[in-house]
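Here the structure comes first, spelled out in structure tokens, and everything after it is commentary.
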Amino acid sequence: MTEYLLLLVGTVLINNFVLVKFLGLCPFMGVSGKLETAIGMGLATTFVMTLASACSYLMEHYILIPLNIAYLRTLAFILVIAVVVQFTEMVIRKSSPTLYRLLGIFLPLITTNCAVLGVALLSINEHHNFIQSIIYGFGAATGFSLVLILFAAMRERLVAADVPTPFRGVSIAMITAGLMSLAFMGFTGLIKI
């Protein structure tokens, strides 16, 4: 049980996919303009990453390895992720049309989010079992969502702030992201793995 908790805390805070591994930067910068959109994208990405991590484990251990076609891993995982994203898109369209409109083009772009593929590949490369794969996917997605929501809240406040003209827009956003990364570095000594 402790091992699972350490894996979860490690992926959320210490080895954050956005701030440490630099995966998922496109939606991090693109969807963080409004807090409401960031929350929706975070929830959708959390669902997709967790489910894709579990499905990728099953694909790897029950199809790719037994058939001796592990060299098709990346292609197979992209296919799994595309199916999971389409399923998520259908669920969001039916359950929350407003969120579906807010997310717009970013929902199908979860398919190309390198963080989702990164979770699947890294989970397999680190030889996680099925439960660890799910926890790793959920932890990575929770960390992604946490950073995305915090960053969106900061960007909303920066719009009203008196920022010097050369630093407005993307410049102050990148500085803020760098400061967030430094803040998350403080968690590095929290767990010794």
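Even glycines carry a Cβ here, placed using N, Cα and C.
Here is what Swiss-Prot records for this protein:
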TRANSMEM  5-25  transmembrane segment
TRANSMEM  39-59  transmembrane segment
TRANSMEM  63-83  transmembrane segment
TRANSMEM  102-122  transmembrane segment
TRANSMEM  134-154  transmembrane segment
TRANSMEM  171-191  transmembrane segment
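Sequence-distant contacts of the transmembrane segment (39-59) (same chain, at least 6 residues past either end, Cβ-Cβ under 8 Å): 24, 27, 31, 76-77, 80-81, 83-85, 87-88, 92, 96, 99, 102-103, 106-107, 110, 113, 115-116, 119-120, 123-124, 128, 130, 133-134, 136-138, 140-142, 144-146, 148-149, 152.
Annotation: stretch 5-25 has the most Cβ pairs under 8 Å to the transmembrane segment (102-122), among 5-25, 134-154, 171-191.
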